[in-house]
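Here the structure is laid out as structure tokens; the discussion comes afterwards.
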Amino acid sequence: MTNVENQAPASMWRMSVAPMMDWTDKHCRYLHRLLSRHTLLYTEMVTTGALLHGDVPRHLRFEAEEHPVALQLGGSEPSDLAQAARLGAQWGYDEINLNCGCPSERVQRGAFGACLMNEAPLVADCVKAMVDVVDVPVTVKHRIGIDKDESYEFVRDFVGTVADAGCRVFIVHARNAWLKGLSPKENREIPPLRYEIVARLKQDFPELTIAINGGIKADATVQDLLQQVDGVMVGREAYHNPWWLASWDALYYGDASVEHTRESIEEQMVAYMEREARTHGTHWYSIARHMLGLRNGLAGARRWRQVWSNHQLKQLPPSEVMRLARTKPAEAALAA
Ligand SMILES: Cc1cc2nc3c(=O)[nH]c(=O)nc-3n(C[C@H](O)[C@H](O)[C@H](O)COP(=O)(O)O)c2cc1C
């Protein structure tokens with residue numbers, strides 16, 4: 001496979017929801033896809049070990065409606081990554097992404113994630129091994145540096161080396177990863193955001209697709225960043241405030257064809273919960289946990305969230321939970 005065959009339009013990365021372990025599972029992505037037709041969605045990171053020695057359908061199953069969806073892999077062994085990437089492509093993922101940004105100690109012990117930024121030639125080998133066996137784009141998500149080294153040259157050389165191996169798309173979390181002394185959560189908050197480094201990468205590599213990530217919470221920031229780079233990836237804000245996604249098709253893809261309401265989204269999620277229960281035995285509770293922020297900022301949001309997260313209602317069918325969630329507290333007290 002050549003680089004040219006491995007290309008896709010840069011617009012594919014204009015808006016995306018970040019890979020987030022334990023959060024962006026297939027149920028979460030189903031919700032996000034109802035809210036936005038065009039936004040690119042990422043899986044949680046799946047390690048090559050889990051995929052090559054584990055339950056493949058459990059890790060890779062997704063709904064046809066989820067496209068476009070990218071599989072994020074964690075690993076550092078080129079032949080394992082090639083095998084895992086091939087599986088991902090066979091299962092129909094639209095992109096294979098390599099995690100070079102996760103700073104967790106567990107991931108470091110496995111010698112992948114952010115510590116791979118110190119080993120650009122190895123990442124290049126990994127990318128090449130994957131590019132050779134799949135015809136969907138192989139992309140890399142990384143940080144702007146490691147520990148306290150804030151030199152631009154470090155990330156520039158990393159991108160240059162990996163690009164030479166056939167990676168055309170880089171998703172850059174605009175902070176360093178401090179490999180010692182910070183938890184993963186702190187590593188998403190404490191190292192300072194430096195968007196200008198990512199903008200500089202785009203200037204130096206105009207032929208590459210560069211998407212920016214980290215701390216983006218508002219349309220004004222998205223619009224400003226889209227003047228400088230090709231795409232914006234949103235993580236926590238998309239998860240906690242999923243309704244934001246409902247405006248993205250119109251704002252960022254010029255597609256105003258569908259107007260959602262929170263009620264219609266909730267109803268479609270209930271239909272999905274019923275289908276998942278029938279076909280896979282999934283409990284509605286493990287789906288509903290991803291939509292608890294849907295009504296954030298509206299009157300009644302607290303009660304709605306409490307009902308959908310109430311363990312004691314687990315035996316009820318989701319349609320009944322929806323009815324309760326929509327009932328005003330006074331009416332609920334009368335009915336009790
Ligand atoms: C709960 C959680 C899990 C995450 N898991 C991953 C992961 O599996 N792979 C990855 O590349 N980044 C992971 N991240 C980092 C996000 O993809 C993203 O880079 C980071 O949250 C910064 O973006 P934000 O400020 O928009 O949230 C995770 C973040 C969170 C909050």
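Every residue gets a Cβ built from N, Cα and C, even glycine.
Given the structure is predicted, the values throughout are model-derived calculations rather than measurements.
Here is what TrEMBL says about this protein:
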ACT_SITE  C102  active site, proton donor
BINDING   P19, M20, M21, Q72, K141, H173, N213, G214, G215, G235, R236  FMN binding site
DOMAIN    17-314  domain 'DUS-like FMN-binding'
SITE      N99  site 'Interacts with tRNA'
SITE      K185  site 'Interacts with tRNA'
SITE      R188  site 'Interacts with tRNA'
SITE      R302  site 'Interacts with tRNA'
SITE      R305  site 'Interacts with tRNA'
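When the recorded positions K185, R188, R236 are checked against ligand 1, R188, R236 have a Cβ within less than 6 Å of one of its atoms. For the recorded positions shown (K141, K185, R188, R305), fewest C-beta neighbours within 10 angstroms: K185. Taken together, the residues of the domain 'DUS-like FMN-binding' (17-314) have an average pLDDT of 95. A Cα-Cα distance of 10 Å separates M21 (FMN binding site) from C102 (active site, proton donor). In terms of Cα spacing, the recorded positions P19, N99, K141, G215, R302, R305 that come within 10 Å of R188 (site 'Interacts with tRNA') are G215.
Taking only the Cα positions, the spacing between N213 (FMN binding site) and C102 (active site, proton donor) is 13 angstrom. DSSP assigns N99 (site 'Interacts with tRNA') to a strand segment in the three-state reduction. The Cβ of M21 has fewer other Cβ atoms within 10 Å than any other of the recorded positions M21, C102.
Neighbour density at the Cβ, taken as the number of other Cβ atoms within 10 Å, is lowest among the recorded positions R236, R302 for R302.
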